[in-house]
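Asks: What follows is a structure written as structure tokens; I'll ask about it next.
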Amino acid sequence: MAKHLFTSESVSEGHPDKIADQISDAVLDAILEQDPKARVACETYVKTGMVMVGGEVTTSAWVDIEEITRKTVRDIGYTHSDMGFDADSCAILNVIGKQSPDINQGVDRADPKEQGAGDQGLMFGYANNETDSLMPAPITYSHMLVKRQSEVRKDKTLPWLRPDAKSQVTFAYNPDGSIAGIDAVVLSTQHCDSVSQSDLIEGVMETIIKPVLPAKWLSKDTKYFINPTGRFVIGGPVGDCGLTGRKIIVDTYGGMARHGGGAFSGKDPSKVDRSAAYAARYVAKNIVAAGLADRCEIQVSYAIGVAEPTSISIETFGTAKVGEELLIDLVRRHFDLRPYGLTEMLNLARPIYQATAAYGHFGREEFPWEATDKVEVLRADAGI
């Protein structure tokens, strides 16, 4: 059986869609800091010289949307019109309204534990054992490349870099599922007009790619595509408009797991699109960390206004050490997947979300859904 290839991509914090995600989550964090029970659905649109912030919010908090937006754009690095976008001169339009009372009555309960889901939907969580973070390697290293691009841009190691960038990594896998190596690397980065293509290629290769990608997976056959169009001066919101929630595969598993379709950024934890996807990652990671499977994908689904999940299913791709029915029983016993329960389980009603809005929501140990604190109880209950 031949080797097979799998590719994932990532984008930098300066990508237009990620600007939008970060603004939406910055607004969410500012509201949650004052009002942990707020209901927030914040959507952002960015284009040349303009940011529009909209959505539905019900809260006792007051936040300065304009200042939050300008600070977020400024921190990303868009601080001059030469870059195509300027945090201090762009127009900001605020069209936020209130959450529908029809939704509120389905979510709020006299007993908080019976809080209903904020919407119907299906969510997936995934983990595998091919990296230390129990994440797929293609998305992991794609994130690392654009994160490194941001670091060397901000510390001026490569002063000609600009905020917008994209990466893509293709891994080759052996028939047994182990990593054979890296087949191809793509990195496109916005840059100032004065840098030559040869200097850019050398700088990206030596300062970004080589320090990030393990040498053991690189070979003379690995293909590199660095700014393959030859020019990327026009970027950010001038090059493309940006929208919240348009990078859902970048945000999750790079395509290696299925996706329920719901985006994360700008949504408070009552929205199971976000909170249940985090809980599903928590479940899948603990199952793999406990040695109960080498790969695990879990699906949960909800009905609006109903607390209990309408379904839980698990797929281990033939790698389970115990029966999948037992795995589902273990999940039901040790993880509370009701909206209130998972918010409490992962301590989600707090301002932790802006940091998630670039470089992936999963595989980063600073987030509570990455904890592996259920490993021992799962192993004991499974009898292994």
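A Cβ is built for glycine as well, from the same backbone N, Cα and C atoms used for every other residue.
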Asks: Looking at 99-109, 110-120, 264-274, I want to know which stretch Swiss-Prot calls region 'Flexible loop'.
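Replies: Going through 99-109, 110-120, 264-274 one by one, Swiss-Prot flags 99-109 as region 'Flexible loop'.
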Asks: Determine, using Cα-Cα distances only, which of these binding-site residues is closest to Ala165 (ATP binding site): Asp17, Glu43, Glu56.
Replies: Asp17
Asks: How long is the line from the C-alpha of Asp240 (ATP binding site) to the C-alpha of Glu43 (K(+) binding site), rounded to the nearest angstrom?
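Replies: Checking the Cα atoms of Asp240 (ATP binding site) and Glu43 (K(+) binding site) gives a distance of 17 Å.
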Asks: Per 10 Å Cβ neighbour count, which of the binding-site residues His15, Arg231, Lys247 ranks highest?
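Replies: Of the binding-site residues His15, Arg231, Lys247, the highest Cβ count within 10 Å belongs to His15.
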Asks: Taking only the Cα atoms, work out how far Arg231 (ATP binding site) lies from Asp17 (Mg(2+) binding site), in Å, as a whole number.
Replies: 21
Asks: Among Asp17, Glu56, Asp240, all listed as binding-site residues, which has the most CB atoms within 10 Å of its CB?
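Replies: Top count of Cβ atoms within 10 Å goes to Asp17.
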